[in-house]
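**Student:** I have a structure I would like to understand better, so I am pasting it below and will then ask my questions one at a time.
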Amino acid sequence: MNLHEYQAKKLFAEYGLPVSEGYACATPQEAAEAADKIGGTTWVVKCQVHAGGRGKAGGVKLAKSKDEIRAFAQNWLGKNLVTYQTDANGQPVTKILVESCTDIAKELYLGAVVDRGSRRVVFMASTEGGVDIEKIAHETPELIHKAAIDPLVGPQAYQARELAFKLGLVGDQIKQFTKIFMGLGQMFLDCDFALLEINPLVITAQGNLHCLDGKINIDANALYRQPKLREMHDPSQDDPREAHAAQWELNYVALDGNIGCMVNGAGLAMGTMDIVNLHGGSPANFLDVGGGATKERVTEAFKIILSDSKVQAVLVNIFGGIVRCDMIAEGIIGAVKEVGVKVPVVVRLEGNNAELGARKLADSGLNIIAATSLTDAAQQVVKAAEAK
């Protein structure tokens, strides 16, 4: 689960990290009033969406009057912001962050992720702040310095000092960096983060460290024990199809292709997408109906897949282990009738009661193409999609 920048900074402040005074505003009037609360003559206004690249897309502005703030809010609130990290539709802007302006002398990078290989939280720091860290990691990896935190021990001050020296910090900056590092490390463990990023962490004109931005992703599997963070979830940022799927305990991820996929089991779903690609097709989604597939869930799965206007054909690939293939066949027949599927549907059934399931599909009188193998299914669905 992602947090907005203003939510991340609120958490930073709770752990004693230096952040700008700011207010998340839902109306142009609130945004203008926030400038009065903050004071000063210059403010930064930022669209709050779960995506990077806001500045280049016009979603961040330096404002020198309340009229500019109000105009920025009027322009963006209720609209979608499209960045290089969003799809063509963009993300809806429901909040504008208005905060005080910071004089920047230098930009640094500080981030942390869970390294599953070492079973540690790995902090990364770089003198190249304010830019895409993936680009730095690819082109100049020597500029990224790391520190691994053992979750049983927690962050250590000596690790912070080592990173501070490598970043070229001096004097009181080392103490400030140590405080930030220790706070972030403890926050990461306390709040079950999967990713944390401050880009940039700046050195101000006065020589102090300041968290100018904040990005947080929380491990969704740990949300049951993070009720406070769970309340921060912003459903407006979710893909509507993914949100619909979650209500039915379906694992759905939208993609860019034109072949809808419905599979039971995540591994089989990934293998299905691979073989569709291998035969020249392009999957429109990842959808795992799981081991408890029922007629109702299959029906909802069809609805979700077909809500994507790009879908030209649907491939259903079911391995009957826990689930009986004849029951799945009944679900497919019922779903096709209820939803009124207009695109070709290719079905491959294998395993428990597969032959009985295939007979039910054949006797249904519906335009369902039965496949004899996974390769045959992929070839048939690619051919059907091209014919559309």
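From the backbone N, Cα and C atoms, a Cβ is placed for every residue, glycine too.
Source: prediction; values computed, not measured.
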**Student:** Looking at Swiss-Prot, G321, I322, V323 are annotated for substrate. Which of N258, N264, N367 sits in that same site?
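**Tutor:** For substrate, Swiss-Prot names G321, I322, V323; of N258, N264, N367, the listed one is N264.
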**Student:** Highest Cβ count within 10 Å among the binding-site residues G53, G55, G321: which residue is it?
**Tutor:** G53
**Student:** Across all the protein chains here, work out how many other Cβ atoms are within 10 Å of the Cβ of N264 (substrate binding site).
**Tutor:** 24
**Student:** Give the three-state DSSP assignment (helix, strand or coil) for G321 (substrate binding site).
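**Tutor:** The residue in question, G321 (substrate binding site), is coil (DSSP, three-state).
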**Student:** Quick one, of the binding-site residues K46, R54, which Cβ has the fewest other Cβ within 10 Å?
**Tutor:** R54
**Student:** Sort the binding-site residues D213, N264, I322, V323 by C-alpha distance from T102 (ATP binding site) and give me just the closest.
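**Tutor:** Its closest listed neighbour, by Cα, is D213.
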